[in-house]
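Record features, source Swiss-Prot:
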- 15-35: transmembrane segment (TRANSMEM)
- 39-59: transmembrane segment (TRANSMEM)
- 143, 147, 227: Zn(2+) binding site (BINDING)
- 144: active site (ACT_SITE)
- 158-178: transmembrane segment (TRANSMEM)
- 198-218: transmembrane segment (TRANSMEM)
C-alpha cells in the first residue's frame, strides 16, 4: 500500500509538471502576443522562468519556503519537546531526521517541505506547541513526517514553484496592461484587423486572467487527497487514532494565521491557514476537518 502510494506520487509529479508547464506556456504565449508581438517568444521566456523556479525550489526548497513563511530553525536545545517528537516520528517512519522550524504565530498549524526525505524539514507554529499535548503533537508531526515519507513534499514543492511563476507572470502582464502597454499597441493593430486578431486578443486576455486560477485548482485537487492519506499514515505511525482525532478537533477550532500566507504556500499546511467563508470555501486547500475526523473514526 505504502510503496504503491509512493510510486503513484512519483507518477503524479510528472503529470503535475506537465499540467503546470502547459499553463505556464499558455500564459507566456499570451504575454508575448500582447506585449512583444511574438507569442512563441513569450512562451520560451515563460518556460525558462518556470524551469528556473522549479529547479531553485527543488534544490533550495527548505530555505525558500521557510523564509516565505517566516519560520526560524530550532534544535534539541532550543525546542526539545518538538525536536524529540519529530525525532521519534522520523525513527518510526524510517526516514532521516528532518530539520525543525517554528513559526511565531498563535494559530495552530504545521507543514513539511523539501524535495525528498534526505532534504526535508517540518515547521510548527508556536500556537500549536502551546495548545497541543504530547499525543496530539505526535499525531500532527506524524502527519507531516508521513508527507515526507510518501514523497508528498516533492509534489507540493514543485506546485508552489510553478503556481508562483504563473501568478508572477500574470500579475506582471496585468500591471503592464494597467499602464496601457498592450492596449495602445494592440488597439492600433486590431482597429483595422481581421476577426482572428480580435479572437487572439480575447483568448490572450482570458489566459492571463484564468491561468493562475486554473493552476491553483490543480494544486488544490492534489492537496486535498493527500491530506486523507497523511492522516491515516500518522495513525499508522503513532498507533493512536484518538490522538489524531483530538488534534484535528483542536485544529478545526483554531483561528486563521495572523501572518499573511500566500496562496501557493497554503496547500502545504495541515490546517487551512486562511479559513475564509462563503465563496472562498471553493478554494480551500484542504478537505473539511469534520470529514477527515469521520474517516479516522471508520478505521
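Backbone N, Cα and C define each Cβ position, glycine as well.
A Cβ distance under 8 Å defines the sequence-distant neighbours of the transmembrane segment (158-178), meaning residues of its chain 6+ beyond its ends; these are 13, 16-17, 20-21, 23-24, 27-28, 30-31, 34-35, 46, 49-50, 53-54, 56-58, 65, 208-209, 211-212, 215-216, 218-219, 222-223, 262-265, 267-268. Neighbouring residues of the recorded Zn(2+) site, listed in sequence order and excluding 143, 147, 227, comprise 112, 144, 146, 152, 226, 229, 230, 231, 233, 234, 270 (Cβ within 8 Å of the Cβ centroid). Note: residue 147 (Zn(2+) binding site) has non-local neighbours 112, 153, 156, 226, 230, i.e. same-chain residues 6+ apart with C-beta under 8 A of its own C-beta. Look at residue 227 (Zn(2+) binding site): DSSP puts it in a helix. Secondary structure at residue 144 (active site), as computed by DSSP, is helix.
Between the listed recorded positions, namely 144, 227, the fewest other CB atoms within 10 angstroms of a CB are found at 227.
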